[in-house]
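Below is one structure; the comments refer to it alone.
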Amino acid sequence: MYASREDIGYDFGDDSKVGSKPIKPNPNIDGGWAWMIVLSSFLVHILIMGSQMALGILNMEWLEEFNQSRGLTAWVSSLSMGITLIVGPFIGLFISMCGCRTTAIIGGILNALGWILSAYASNVHYLFLTFGVTAGIGSGMVYLPAVVMVGQYFQNRRALAQGLSTTGTGFGAFLMTALLKYLCTEFGWRNAMFIQGAISLNLCVCGALMRPLSPKELHEKYAVENDSEENRAKALSHSTETIKSNGVLSEESEKKEEAANEEVLGSVQHIEIGGKSGSGRSMYGLRLFKTVSQLTVTVRKGFALWYSSYFGAASLFTNRVFVAFIIWALFAYSSFVIPFIHLPEIVKQYKLSRQDNVFPLTSIIAIVHIFGKVILGIISDLPCISTWNVFLMANFTLVTCILTLPLMQTYIGLAVVCALIGFSSGYFSLMPVVTEDLVGTKHLANAYGIIICANGISALFGPPFAGWIYDITQKYDFSFYIAGLLYMVGIIFLLIQPCIQKKQSRDKSTEEAQV
C-alpha cells in the first residue's frame, strides 16, 4: 500500500544534489561497526525495556509491602514506562546538542541511580520519584539514542537491524522476569532492586559503543539515500510544489545559520592568530573563548534543528500521515503493556498459579516476541513486500488478541493468545523504519521522539486505568475491551489518513496536468 515516504507524498530528507558519479558505499553502513551498534542497542533493550516488561514481579511485592490499591501501585510501573517514552522529544534536543553517545552514558548513570534509591523506599509515593521519574528519565536518555543510532548506521537492512536489536526486549523480559523472581525470593525486593541498579550501570558501556558517524560518512549516507529517492520520485512524477506543500523543512534558514556560525568561529580564529604575539595568559583566554564559542555554535545548531522540527513553519506536524501515526501511538502501547503488568494478577485470580510457575505467560509473550520481531523484519526487507502493510497486519492481529484475551480462562487458551500477542507485537521493530520512511533519516531522532512520547502517554495511563477498572468491577475484562477499542480507533486513523492524502495528491496531479 504505502511502502515509502514517496508513496505517501512526503520527504523530510536532505535535498542536497547528487551528481552522476557513483558513490562508493561506506563499509560502516550496513556492515562493519554497524553490527556493534546493533549489539549495543540489543543490550540496551534487554536492560531497559526487558526490565520494564518484568515489573509485574515487583508490582506484586509492592502490593504486599505497602498495602495500597492496585490502581495506585500500578502508577509506579506506569510512570517508569511512560516517562521513558514521554521524554523522547526532550531527549531529541539532547541528542542534537551532545550526540547519542554522551546522552546514553548520562542516562545509564541516572537509570542505575533510580534503581538503587528505590531500594530504600518507605512508601509508594517515594517510588514515584525514584523509580518512576529518576529511573524513567535515565531509561529514556539511553533508549532513544539506541534506536536512532541503528537508523543512522543502516540503509538497506534497516528493518532486519531494528528487528535484531529490539529482540532484546523479548530476551530481557524473559531473563529479567526469571532474575527478579529469583532475587526477590532469595534476597527480598529491596536487595533485588539494589542489585539491578548495579547491573544497569552496563548501560554506560552500551552508550560508549555508540560511536558517531563522521560528517563525511553521514553526507555519503544522505547522498545515497537522496540519489535513490530522486530516481523513485522521477518515476512517480512528483512535482516540487507538491513536495513543498507537504511540509518539507526549508534549508535556506539552515544555510544562513551555518554561515553565521562559521563567521563567529572565523572571527575567533582571526583573533587567536592576531594574539599569538601576546602573553601566555591571553592565549589561554583566547583558547577558552574559542572552546566556548564552538560549544555555543553546536548548541545553537542543535536547538535550531530541534525547534524547526517541532515548532517551525514547516514542522513535522504538517505531515498529516505522521500526525495520524501519532494518534495511533497514543492508543497502541497500553494494549501491549497492560497484559505484562496485570497478567500475574489475572493468573492468580483464575487459580492458574501452578501452571504459570512452570512456564509464566509473560515469558511466553517475551519468547515469541523475539521471533516476531526478527521474522517481521526479514519479511519487511523483501523487495516485493510493503513495510506499511506488514505493520498494519500485525496491528490488526494484536488488537484482535487483546479483545479475545478476557474470554480465555484456561492456561492453554491464555498461552495461545499470549503467543499471538508476542508475535504480532513484533511490529515494534518496524516503527523506526516506518517513521524514517515518513520523515527521513535527518529528522528521525526528533520524529521518533514524538512517537515514543505518544507511546509513553499510552503506557502511563493504561495500567493504572486497568487497575482502577478492576477496583470498581473486580474483573479485568472491561479494561481489555476498552483498551482494544481505543487501539482500533488508532488503527482506523492509520488506514484513513494515507488514503485521503493519496487521493488529494492524485487529484492535484490531475488538475496540474489539465492546466
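Every residue, even glycine, has its Cβ placed from backbone N, Cα and C.
TrEMBL does not curate its annotations; it predicts them automatically.
Record features (TrEMBL):
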- 33-55: transmembrane segment (TRANSMEM)
- 37-502: domain 'Major facilitator superfamily (MFS) profile' (DOMAIN)
- 75-95: transmembrane segment (TRANSMEM)
- 102-120: transmembrane segment (TRANSMEM)
- 126-148: transmembrane segment (TRANSMEM)
- 160-180: transmembrane segment (TRANSMEM)
- 192-210: transmembrane segment (TRANSMEM)
- 234-254: region 'Disordered' (REGION)
- 237-248: compositional bias 'Polar residues' (COMPBIAS)
- 321-341: transmembrane segment (TRANSMEM)
- 361-379: transmembrane segment (TRANSMEM)
- 386-405: transmembrane segment (TRANSMEM)
- 411-434: transmembrane segment (TRANSMEM)
- 446-466: transmembrane segment (TRANSMEM)
- 478-496: transmembrane segment (TRANSMEM)
Local confidence of the domain 'Major facilitator superfamily (MFS) profile' (37-502) - pLDDT mean: 77
The transmembrane segment (411-434) versus listed stretches 102-120, 126-148, 160-180, 321-341, 478-496: most Cβ pairs under 8 Å: 160-180
Annotated stretches the transmembrane segment (126-148) and the transmembrane segment (321-341) touching (3 or more Cβ pairs under 8 Å): no
Tertiary contacts of the transmembrane segment (321-341), as residues 6+ beyond its ends and Cβ separation under 8 Å: 2, 8, 10, 53, 55-56, 59, 74, 77-78, 81, 85, 173, 361-362, 365, 395, 398-399, 402, 405, 418, 421, 425, 434-435, 438-439, 447, 450-452, 454-459, 461-463, 465-466, 479-480, 483-484, 486-487, 489-491, 493-494, 496-498, 501
Most Cβ pairs under 8 Å with the transmembrane segment (192-210), selected from 33-55, 102-120, 160-180: 102-120
Residues from the same chain, set at least six apart from the ends of the transmembrane segment (386-405), whose C-beta lies under 8 A from its own: 1-3, 7, 159, 328, 332, 335-336, 339, 372, 376, 379-380, 414, 417-418, 420-421, 423-427, 430-431, 433-434, 437, 480-481, 483-485, 487-488, 491, 494-495, 498
Ranked first among 33-55, 75-95, 102-120, 361-379 for CB pairs under 8 angstroms with the transmembrane segment (160-180): 33-55
